[in-house]
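Participant: Pasting a structure below so you can have a look.
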């Protein structure tokens, strides 16, 4: 499983695949 940070329009969150 890979987790990485996603930032969009000033909001960052963690996404895992």
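Cβ from N, Cα, C; glycine included.
Since this is a predicted model, take the numbers as computed values, not measurements.
So Swiss-Prot lists the following for this protein:
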DISULFID  3-16  disulfide bond
DISULFID  7-12  disulfide bond
MOD_RES   17  arginine amide
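I'd like these features described in context: how deep, what's nearby, how far apart.
Facilitator: DSSP assigns residue 16 (disulfide bond) to a strand.
Remark: residue 17 (arginine amide) has 1, 2, 3 as non-local neighbours, by Cβ distance under 8 Å and separation of at least 6 in sequence.
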